[in-house]
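Features as listed in TrEMBL:
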- 57-306: domain 'G-protein coupled receptors family 1 profile' (DOMAIN)
- 12-36: transmembrane segment (TRANSMEM)
- 42-65: transmembrane segment (TRANSMEM)
- 77-95: transmembrane segment (TRANSMEM)
- 107-136: transmembrane segment (TRANSMEM)
- 156-180: transmembrane segment (TRANSMEM)
- 213-232: transmembrane segment (TRANSMEM)
- 253-276: transmembrane segment (TRANSMEM)
- 288-308: transmembrane segment (TRANSMEM)
Amino acid sequence: VLSIQSSCYQNFVCTFNNFICICLFEIYICYGFSYLASLQVLLFEGILLMFLITMAGNFLIIFVATADPALHTPMYYFLKNLALIEICFTLNIVPKTLMDLLLQRKFISFSACALQLCFVIFFVTSECFLLSAMAYDRYVAICHPLHYTTRMNRRVCFHMVIACWVAGIPFSVGLTGWLFSYPFCDSMEIEHFFCDIAPVLDLVCSDTYSFELLVFIATVTIVLIPFILIAASYIQIIRTILQMPSSEGRRKAFFTCFAHLLVVTLFYCTTGLIHLKPRSRLLVKSRKLVALSYTVVTPMLNPIIYSLRNKEVKHALRKTFGTRQFNKTPLRR
């Protein structure tokens, strides 16, 4: 305890699973999945399995889309960047969560909490904008195929991706810096399994109306507006699909769009639900499970829904890993 106290000057150190937080000479309780004590092992195994699938699927997409020239198209260029975001976002949260579920005493410092929150906002913002860029790419490809090569050339795609990455910087730095400039209360109980805006905001002792208003505006800008644009794009895509002469083509295209919309809706709705009103008491107990959907489930589903089901990716996998069929020749005696 004394060693922890001596290394915690002006910081707080906290755990997320029924353990103790120590800051100077005061003791704080932090909660993670402690209310699911009987399911800790099952929860650990489930999150670990999804983490491994997420890492394998997204790394596979980056490797195959880079190695196969046939996949050097705008769609797979966006997918490679989405896979990279999912990898970084998952590594920022899930390994720490798994350690907290597995070990008996785990701590996170004040600065580490601020850094984790900064990366959470950065990657969520970048992913929201990138998903809207991907929806626009599909809209142009399906609804305006004759203009696709001019509208979505290499330079345009590069600038769109750079804009999506850079857009996360002001939101992450600004919101994190402002939040952690507030004075924190003596009683620090983090009701979450990672440092997010809502649970950290619960620790603030002063008036946070201006900050909550900014979070609301940022959430509308980052989550709601891109989601509306994506929904509008897919409505136009579905209208174009319904005009296809082939019933089999209509069916396959419709189910592909439905799968994309399902994953996008899951990500945007859960993210927006938590951050539109971060101090809502109705979400204190349920926001941990809601957050699992966009921190663990969605990163696992994205490579499966967007890429690994595609015929081009399956063909590229067979070609890359050498599973092609070769003509058998008789052996010489």
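Note that Cβ sites are derived from N, Cα and C of the backbone, with glycine treated the same way.
Curation plays no part in TrEMBL annotations; they are all automatic predictions.
Annotation: stretch 253-276 has the most Cβ pairs under 8 Å to the transmembrane segment (213-232), among 42-65, 77-95, 156-180, 253-276, 288-308. The list of residues near the transmembrane segment (253-276) in space but at least 6 beyond its ends in sequence, with Cβ under 8 angstroms from a Cβ of it, reads 124, 127-128, 131, 135, 138, 142, 196-198, 215-216, 218-220, 223-224, 226-227, 230-231, 234, 237-238, 241, 244, 283, 287, 290-291, 293-294, 297-298, 301-302, 305-306, 309. Proximity of distant same-chain residues to the transmembrane segment (77-95), defined by a Cβ-Cβ separation under 8 Å and at least 6 residues beyond the stretch ends, is recorded for 47, 51, 54-55, 57-59, 61-62, 65-66, 116, 119-120, 123-124, 126-127, 130-131, 133-134, 137, 157, 161, 164-165, 194, 295-296, 299, 302-303, 306-307. The average pLDDT computed for the domain 'G-protein coupled receptors family 1 profile' (57-306) is 87. Same-chain residues lying 6+ beyond the ends of the transmembrane segment (288-308) with a Cβ under 8 Å from its Cβ atoms: 32-33, 47, 50-51, 53-54, 57-58, 60-61, 65, 76, 79, 82-83, 86, 89-90, 93-94, 124, 191-194, 196, 259-260, 262-263, 266-267, 270-271, 273-274, 314.
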